[in-house]
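Peer 1: Just passing along the structure, written as structure tokens.
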Amino acid sequence: MQRLRESPPPKTRCLGEASDIIPAADRFLRCANLILPWLNPRELAVVAQTCKTLSLISKSLTIHRSLDAARSLENISIPFHNSIDSQRYAYFIYTPFQIPASSPPPPRQWWGAAANECGSESRPCFDSVSESGRFGVSLVDESGCECERCEEGYCKCLAFAGMEEIANECGSGCGCGSDCSNRVTQKGVSVSLKIVRDEKKGWCLYADQLIKQGQFICEYAGELLTTDEARRRQNIYDKLRSTQSFASALLVVREHLPSGQACLRINIDATRIGNVARFINHSCDGGNLSTVLLRSSGALLPRLCFFAAKDIIAEEELSFSYGDVSVAGENRDDKLNCSCGSSCCLGTLPCENT
């Protein structure tokens, strides 16, 4: 009769052995890599002080964030450069286009290591960076332009050279599709840019390549506000500016009738949610950018788009004129100092009561 082989007694395992520690550490790292990219800089700094591992992850995140302000939402990475102080990047929620205003607090956005696909395990989606997204509102009439092809005589949309003050583009319904040559501004940033820290002006947007006259730079993206909400926020921003170092990015744009009378007011706030245009500074000489109020066929509202007003060389700061309206009153304390450095600098930034 064959004798059954006796099984060896089970080995006693002690807590803390490598087989227990490694899976636990792996789970810890995976959780950290999923959670930390949602944190803002202040929260990240607090977490970094808790242990060496989280400190290393936080430092890695800081490096990744400084490499691309656009969080892979544009065609090209837009890095931060700072040789002035220890601030590696400016924190805000990125959107490539206009979105309806969000209620406070602002939504969070993943900002971690670059990923090619939204929805992957390493990069959760942020659904407010779509023209409908979580707001359930579309700013575009999907019917768009019905032209057969974008050529003179076939398309009613105006093809332009980036020098007009008001112009039109084909919309999403164009028969040419997304490759239409008259939908330049709808394809996002396509020139190399970088964000540089200046001792006087703070963050500035610079060209990182030669940009030819008439080339599209970017649109001014942010939250679309009602006039009442714009006034409410501006009051808050003014109070913050009086007590601390604070810079807002609330821009008021007016579309005028041929008679010169304003017919449409658009309030775009890029302070909390915006794109790289929030870093474009004022220049009293008009700067090197031209602004175009551009309507895409079928769109409900125009967009403020920036084009090169002349050839712009690499390492040149991008700037435009904020306007000619000055704050009412003689109190200079109510005005913001201008540091544009142009020969015709007026010393204060153009602004108006919203």
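Quick reminder: no glycine exception, Cβ is built from N, Cα and C everywhere.
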Peer 1: Which candidate from Tyr220, Tyr237, Tyr322 does Swiss-Prot annotate alongside Lys201, Gly202, Trp203, Asn281, His282 at the S-adenosyl-L-methionine binding site?
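Peer 2: So, going by the record in Swiss-Prot, that would be Tyr322.
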Peer 1: With Cβ-Cβ distance below 8 Å and at least 6 positions apart along the chain, what are the contacts of Tyr322 (S-adenosyl-L-methionine binding site)? List them in sequence order.
Peer 2: His282, Leu349, Pro350, Cys351
Peer 1: By the count of other Cβ atoms within 10 Å, pick out the sparsest of the binding-site residues Cys170, Cys174, Cys176.
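Peer 2: If we count Cβ atoms within 10 Å for the binding-site residues Cys170, Cys174, Cys176, the smallest count is at Cys176.
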Peer 1: Out of Cys174, Cys176, Cys338, which of these binding-site residues is nearest Gly202 (S-adenosyl-L-methionine binding site) by C-alpha distance?
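Peer 2: Of the binding-site residues Cys174, Cys176, Cys338, Cys338 has its Cα closest to that of Gly202 (S-adenosyl-L-methionine binding site).
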Peer 1: Return the maximum Cα to Cα distance in Å (whole number) over the record's S-adenosyl-L-methionine-binding residues: Lys201, Gly202, Trp203, Asn281, His282, Tyr322.
Peer 2: 17
Peer 1: Need one number: mean pLDDT over the domain 'Post-SET' (334-350).
Peer 2: 81
Peer 1: What does DSSP give as the helix, strand and coil breakdown of the domain 'Post-SET' (334-350)?
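Peer 2: In the domain 'Post-SET' (334-350), the DSSP-based counts are 1 helix, 2 strand, 14 coil.
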